[in-house]
Amino acid sequence: MSRKVLLVGDGAVGSNFANDLLQTTQVDELVICDLNKDRAAGDCLDLEDMTYFTGQTKLRAGDYSDAADADVVVITAGVPRKPGESRLDLIKKNEAILRSIVDPVVASGFSGIFVVSANPVDILTTLTQKLSGFPKKRVIGTGTSLDSARLRVELAKRLQVPIESVNAWVLGEHGDSSFENFSSAVVNGKPLLDYPGMTEAALDEIEAHVREKGSEIIVKKGATYYGVAMMLAKIVTAILENNDLALPLSAPLHGEYGIKDEIYLGTLAIINGQGISHVLELPLNDSELAKMRASAATIKATLDSLG
């Protein structure tokens, strides 16, 4: 079976994703669609030079009609977040962009899997599913996977342990109402909260650092893209290779955590070649459960405001 990916949006995230994907798995065809057709064509030429090392991949600039026989459509297109702007502030700007993408992709006959990383990702993933009419398992958002990576990096630095020994998640909205699932976090097989120094003040400091890191990067260099691009590559690789992968993604909830709203929210889920296989409901303490439900309410209220 041919492995074909259509990338919509060739900005910093999209361009780095394309680079990472070719280094992560074998792709038979990668088509890049962007309003700036010269940039898309230029990136294809640049990426083509990598194939000497990564293996042969057909690379070209294209349009939405190229989704017809694609396995995955990755949406990174959108207005970037400005310093001081919340992800939810972006909704009105990016909703119109999303509609202009999803409608022609579906009209092409696309029957694969949507992967969304444009912000606010939980809302735009929910809207992608509603606009496309696709089964919920075939629409995935990057969710809190980047937040969770930042949490693991921070804990590894503080505890001076390898990153791979840290098992910790950020859940909820990829944005202001996200929270750390400290009560279930494990480091080297030991509960995080059993480690010396993991006081309430220390946990608050870690949470603040993780929450503010994205804004700090934006202030210093204008945008974040390396982390989310690599996360996208991992997600698409799991789909193309049909390998089970557990990540905290924007996934549809069906009563997990007592949330019955028709929304996508950052939660641990298993993905593979069929899309989202199932949600893994993590144990939360009372405070975390309240935060999860409050985060869902934030997303639902924003969606309701769109009419």
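The chain as shown is numbered from 1 upward.
Every residue gets a Cβ built from N, Cα and C, even glycine.
Binding of NAD(+) is annotated in Swiss-Prot for Val13, Asp34, Arg39, Tyr64, Gly78, Val79, Ser100; the matching candidate from Thr51, Thr126, Thr142 at the same site is Thr142. Applying an 8 A CB threshold to same-chain residues 6+ apart, the list for Asp122 (substrate binding site) reads Gly141, Gly143, Glu173, His174, Gly175, Ser250, Ile263, Tyr264, Leu265, Gly266, Ile299. With respect to Ser100 (NAD(+) binding site), the closest of these binding-site residues in Cα terms is Pro120, chosen from Pro120, Ser148, Arg150.
Using a 10 Å radius centred on the Cβ of Val79 (NAD(+) binding site) and all shown protein chains, the other Cβ atoms total 14.
Taking the Cβ of Arg150 (substrate binding site) as centre and 10 Å as the limit, one finds 21 other Cβ atoms among all the protein chains shown. Distance between Cα atoms for Tyr64 (NAD(+) binding site) and Arg150 (substrate binding site): 33 Å, as a whole number.
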